[in-house]
């Protein structure tokens, strides 16, 4: 294990790199940076890498370096804290500060980060526009009025705000190469940051395009010659103001220019972005997932034409996210090969399925981790995420997930398994399956509370099954530091939904004399019964249909992701190879420009060389990854014997243990305010972790209560009053 001093040093280096990269964006709109950067690029033209090397190293590589150092830091960092968490100022900032039906649940840290980003956008916009307005030259030949010219320049600067959003757009949705892991942010939570950035990007891009179209429209764009002040920089990322004569016709809007800005590329990028954004709205994504899923892959078209429109110098600003995303995408494809197979499946009365998959014993993951699953026999392209319900410390050879039959994809899987259960031919089907992941938190910090209040709605109980199994394993092995008092509040529509509690039945029965105390409160919202107990319902719905499948189609188990240090090495190798290839291509295919030359070069040729360098670098890195993967890949027959391969009959287990301590309520939703007021007295803990997974309305209710409790603590005695720490988990992306 690395020493504390090394971890501190790596953290300081990451902070300095992040601060430096942010400073570049802040200084970028200023004239001082424009002048200095212009001179730096001219000096770099005399080197072997030309200006490309300088732009890549200064604007792109810091984020890649941050990811590389972050991976090493996470690899060396202890997975489990050595002591229980202490309440601090950062803990208060991570609790809900704003609860809104439109914005969702926002913590103080999220509001602070969003506010700083908005201030940065305002600073960038104001600095650029003010500099533009200072340099308006009253020329009689100018065919635009002053207000029209200002409107035109304001529209152009909206494009730079869209560029800033694109720079961060892909970073939250990285999985294997995610730098958000450094901050302890799970992939499911960071998806909404991607949504916010995408919405802001589309807004600014639409204002940018609509403003320019408006000016072209009111002038009819049919003047013989129009003198415009065009902000285009030939030697730096900043715009140098040049005044030149440009023939502007309506037809030019639909032509592919040989030099300068390619307007047609910008129009295609804007239309593509609008299609992606519209089809990702909740109304479409939830009801027509296939439309959302397939149109979202138009991101490749959007990024390609964004490059052609902005040029390579501007593209280096947004290139870090694209570079890491491309590498992450190909590494995930490698990781999902070869395909494995489903060992067995259990069908519960609530139309939920538990799939058992083979796992490499060396694969370890944390509770609440998710895997992405593709079943080619249903769809060769669709991937769906599911929470792992098993624990890697308990199940060495298998990993399990629970899937609720709701949409088209899950219904197809349910029917496929049901058909196998109902068939009488004795021939068991082999179902190949591709797996990506698991992805999850890097540590178990959220389990280091005095007590835990787990609130689940419907299939949202799945993350808590893995948490409870992990805590049970920790208690059995003698590990300390885990909460000993836990309360599970489970809201379900039908009484048959509580059959999933059978998976933690040993925990429900182990109460007296045990270090771990678990209490369950079940609320069945759409049924009314009197006198029914949890024990009676578990016995009533304990019958489970189980089928074990043939495994001849695959001898490989789920191996998971490569090590973090290995991913850091691949990222470094790819970036160096890209820079070398780009320098070689530029020298081979582009003529050397004289120092200080301002001639307009064909921008599309430079962009194509950048695309080729990026593609070859990623492919070469992928080939290296494939070779290393095959060397380390261990063939393993799934742990299933011939007897287990036979189809099993429906089974049920009679529950004779006492479950009177657990409660069940019918015909209403939980009263969270009453639960919050009673929970501290029932558990005795002062530092309480509240974990919720369910509908948004449930999350908002609990977040409001945690917000009120934290405000009450500030006015009272912190040592005596309990503190509720809110954590939101997502079971569907």
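Note that Cβ sites are derived from N, Cα and C of the backbone, with glycine treated the same way.
Going by TrEMBL, these are the annotated features:
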type	residues	note
DOMAIN	326-445	domain 'FAD-binding FR-type'
TRANSMEM	6-27	transmembrane segment
TRANSMEM	48-74	transmembrane segment
TRANSMEM	102-126	transmembrane segment
TRANSMEM	158-183	transmembrane segment
TRANSMEM	195-218	transmembrane segment
TRANSMEM	230-250	transmembrane segment
TRANSMEM	262-279	transmembrane segment
TRANSMEM	291-308	transmembrane segment
TRANSMEM	568-588	transmembrane segment
TRANSMEM	608-628	transmembrane segment
When counting C-beta pairs under 8 angstroms to the transmembrane segment (102-126), the leading stretch of 6-27, 48-74, 262-279, 568-588 is 6-27
Across the domain 'FAD-binding FR-type' (326-445), DSSP yields 26 helix, 39 strand, 55 coil
Spatial neighbours of the transmembrane segment (195-218) not adjacent in sequence (6+ beyond its ends, CB under 8 Å) are 114, 144, 148, 151-152, 154-156, 158-159, 161-162, 165-166, 168-169, 172, 248, 250, 253, 266-267, 269-270, 273-274, 276-277, 280
The answer for the transmembrane segment (291-308), taking Cβ pairs under 8 Å and residues 6+ beyond its ends, is 166, 262, 265-266, 268-269, 272-273, 275-276, 279-280, 284-285, 315, 318, 322, 381-382, 603-604, 607, 610-611
Sequence-distant residues near the transmembrane segment (568-588) by C-beta distance (under 8 Å, 6 or more away from its ends) are 48-50, 52-53, 56-57, 60-61, 64, 67-69, 71-72, 177, 323-324, 327, 331, 606, 609-610, 612-614, 616-618, 620-621, 624-625
The predicted model's mean pLDDT over the domain 'FAD-binding FR-type' (326-445) is 85
